[in-house]
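K.L.:
I am attaching a structure below and will ask some questions about it afterwards.
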Amino acid sequence: MIIAIDGPAASGKGTIARRLAAHFGLPHLDTGLLYRGVGRIMLDRGFPLDNVEIATAIAENLDIADLAGEALRTREAGEAASVVAAHAPVRQALLDLQRAFAAQTGGAVLDGRDIGTVIAPDAPAKLFVTASPEERARRRFRELVGRGELADEEAFYAAVLADIAKRDARDSGRSSAPLIIAPDALVLDTTTLGIEEAFAAALAAVESARR
Ligand code: CDP
Ligand code: CDP
């Protein structure tokens, strides 16, 4: 059983993906970490993010086992991820490992932007998780504050909201695997849902897709 979960930044797709994976005992891949990993290495080594050749070489040599740690969760890593993710050769370099992960015996849960459209278009269960930009900014703001990334509260919320709007536009507007809703995906708007309610709705959708 492949469960494909897509959606914009801070919509809650990762939380739902983790919970579904635990519920069904399936392996989970947060594919955003792959792009964050490439973006992080570009930043750390001082390479310009628009250097497609270098970004592609980094993507080709990326090791999933290295993708942990707070450095991948920062605002700048998310921003860098969305810049390198718009390069078609970078996406191509990360395709096989994502497809192989999805094809594991017994199934898998993957979350990202193009799982239901490009990585696993035949997945029987597809969710598109979303929420209003303001609610997503509030969620991301709380996470970043919790990690100590905070300047002035009000200005910082405005900056996080601006990040979200910019990332939405870049992810939806790129020509290579843009963020779009797969025609057979169930749209789950979590704007007014808590984590438990969102998970319950996602579980019900997956259960009905399995029947
Ligand atoms: O957690 P959040 O939604 O903020 O970001 P993420 O899922 O870690 O993804 C970071 C960036 O990677 C996104 O803004 C996308 O540009 C890119 N990405 C992608 O293009 N395709 C995916 N399957 C996953 C992420
Ligand atoms: O993976 P994605 O970036 O879409 O979002 P996430 O990491 O699952 O969720 C972003 C933040 O929002 C986390 O701190 C979640 O705990 C929180 N969240 C929430 O407050 N209410 C929800 N219904 C879902 C997530």
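A Cβ is built for glycine as well, from the same backbone N, Cα and C atoms used for every other residue.
So TrEMBL lists these for the protein:
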- Gly7, Pro8, Ala9, Ala10, Ser11, Gly12, Lys13, Gly14, Thr15: ATP binding site (BINDING)
- 3-206: domain 'Cytidylate kinase' (DOMAIN)
K.L.:
By the count of other Cβ atoms within 10 Å, pick out the sparsest of the binding-site residues Ser11, Lys13, Thr15.
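P.N.:
Across Ser11, Lys13, Thr15, these binding-site residues, the one with fewest Cβ atoms within 10 Å is Thr15.
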K.L.:
Going through the binding-site residues Gly7, Ala9, Ser11, Lys13, Thr15 in sequence order, which have a CB under 6 Å from an atom of ligand 1?
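P.N.:
Close enough to ligand 1 are Ala9.
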K.L.:
What is the total of other Cβ atoms whose distance to the Cβ of Ala9 (ATP binding site) is within 10 Å?
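P.N.:
Neighbour count, Cβ to Cβ under the 10 Å cut-off: 25.
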K.L.:
Might you list, by sequence position, any residue in that chain lying six or more from Gly7 (ATP binding site) with a Cβ less than 8 Å away from its Cβ?
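P.N.:
Same-chain residues close to Gly7 (ATP binding site) (Cβ under 8 Å, separated by 6 or more) are Lys13, Asp111, Arg113, Leu127, Phe128, Val129, Thr130.
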K.L.:
Quick check: which same-chain residues outside Gly7, Pro8, Ala9, Ala10, Ser11, Gly12, Lys13, Gly14, Thr15 lie with their CB within 8 A of the centre of the ATP site CB atoms?
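P.N.:
What remains near the Cβ centre is Ile16, Asp111, Val129, Thr130, Ala131, Arg136.
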